[in-house]
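Worksheet: the structure to be examined is printed underneath.
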Amino acid sequence: MYSYSDFDEAFVRARVAQFSQQVERRLDGSLTEDEFRPLRLMNGLYLQLHAYMLRVAIPYGSLSPRQMRQLAHIADTWDKGYGHFTTRQNIQFNWPKLPDVPAILSALADVQMHAIQTSGNCVRNVTADHFAGAAADEIADPRPYAELLRQWSTDHPEFQFLPRKFKIAITGSPNDRAVTKAHDIGLRMVRNAVGEPGFEVIVGGGLGRTPMIGVTVRDFLPEADLLPYVEAILSVYNTLGRRDNKYKARIKITVHETGKEAITEMIEARFAELRPQFGGADQKLLAEIRQAFAPPAFRNAPTDAYDAFYRADPVFRAWADTNLTRHRNDQYAIVTISLKAHGKTPGDATSEQMRLIADLAERYGHSDLRISHEQNVILPHVHKSDLPALHAQLVKAGLGTANVGLLSDIIACPGMDYCALATARSIPVAQELATHFEALKLEHEIGPLKIKISGCINACGHHHVGNIGILGLDRAGVENYQITLGGDGTEDAVIGEKTGPGFAYDEIVPAIERILRAYLDLRLEPAETFLQTFRRVGMEPFKAALYETERTQDAA
Amino acid sequence: MSRRFTPKIVTANRLREGDVVYLTADDRWSPFHHEAELIEDEAHAQMRLLFANAQKLTVVGAYLADARPGPNGPEPTHFREAFRTRGPSNYPHGKQADLAN
């Protein structure tokens, strides 16, 4: 794992000192709220519905056990004993008090963490494949590149006042688990004709008010060109981006208005200017960073105990079938710890759970932890012989839910339970969907399904790329939920299609049930997933199931 | 003819704690929506908002929210404001817990 250099350490400490003084000046009246707001946002501090909220970056989703314990300590000392992991691999504390925030930032700095650039019109936390360094399908570990991008973008003087926020995602695998096509810049590792690794560069993806799938501006970028090329993209955007209209300020609009060919030419022209200025220092730094991400010393031991346990214990088997992913080392598995226990808040972990996860990572997981954009925790390297013991301890702590990739593994934004921008609640909809289908015992029969819920048009819950997307709106003073179907956040990214009129809060769960019962009737065989069925039969049969039943009920 | 003015209350968050508060007729900031001053006149509403915005060391983000008279005092008319009187629905946190007694 990357460890701060003296420069990083000094920079983060200096920022804590600076913000501590700014808080002091706000509290004594020397700064007005208008003056203070941009300063607090630069440090991840929002004012939400019921309280302040502090958003802390977890760079490319990587955490050490020590950092996880410190997050637990912060939750206990200055918050309400829990934290919320987000779709951007951040953690949010929902109840900090303004005078305590400097102490929290200082506690974060103690474990090489910060909240810098988690808000504002700058390059945000760079997100990455949560299986980085472990996945069997990986070309190269994306984290060294993500760390290079983090260092380059942190306090970059040219990019502190971009037209709008800017999100970069990176994956080292051809199978995209980082939703790269829905980011301002998506970097997808590929190999060229002679087998060298490089990046497909995707620009102008994004969800929100105007959802768009990014366009590929370079099919193959040699890895040595990464930084100058990304800088060229930012530079073109910084010049062209619409500062006159907040709703047209993201790079997706710039790409759309400029046209793929014209913007590609501008990026290439700027790249030609910038490339010679990168004299190789970036590559030297990358080589150093790479050493920090060397694979752990994998154990060589028999896995028979795992196989025997798998055959003997149906509860363990169910968990292994859903929550494990193939590791590059056959003796190992990637473990996803579900933060989606039925009826609980998606992405929330109590301080006790955080401490247990930290202990388990040390005992069984080579001290490596990841947070996924799907709001779960990953132990990327667990020897298979340790899985039965690990599972038993997870179950005891309420962390053994066997539902990863299934219906109740729902992404949900905080919605109107916390967020000042929200137009409706998301969390209780996720809770009710999970408990409803759990009671019906349909979840495993339905199989792989991604439901994603956003409580407003800004789409933090990624609803556009959910197989079933739910968007909460305010329709004439009442919560109303719009459904989209067929969205997909993988390398074949697709924006979901709206079904039609939305549903009231107490109608949304029955509406989803109608869609899923229609799917069970329509699928050719149990192995055909919801998304495959939707792609085969299209929207009409689902619309019929959704709305005709309703009409029949109205007529009765 | 201009639209009829719907009654309002002034609400904000406390600067230090972030808690939701309401401006009372006697210039206090109360945690209770029903203690808020129900403002029936547009000009008076603007005056009260100006007064609230001047309390820079006490509150932040003051605004006018729709309300209606109720048996115990003003009640919120929109669900967002109703949520702000209680706290989140997924945990017993916020006002619903802090002010339970």
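Backbone N, Cα and C define each Cβ position, glycine as well.
Summarising the annotation, TrEMBL assigns domain 'Nitrite/Sulfite reductase ferredoxin-like' to A:52-110, A:341-395. The domain 'Nitrite/sulphite reductase 4Fe-4S' feature in TrEMBL is assigned to A:119-272, A:410-548.
If you take every residue in the domain 'Nitrite/Sulfite reductase ferredoxin-like' (A:341-395) and average the pLDDT, you get 98. Among the listed stretches A:52-110, A:341-395, A:410-548, the one sharing the most Cβ pairs under 8 Å with the domain 'Nitrite/sulphite reductase 4Fe-4S' (A:119-272) is A:410-548.
Residue counts for the domain 'Nitrite/Sulfite reductase ferredoxin-like' (A:52-110) under DSSP, helix first, then strand, then coil, are 30 helix, 16 strand, 13 coil. Using DSSP to sort the residues of the domain 'Nitrite/sulphite reductase 4Fe-4S' (A:410-548) gives these counts of helix, strand and coil: 59 helix, 28 strand, 52 coil.
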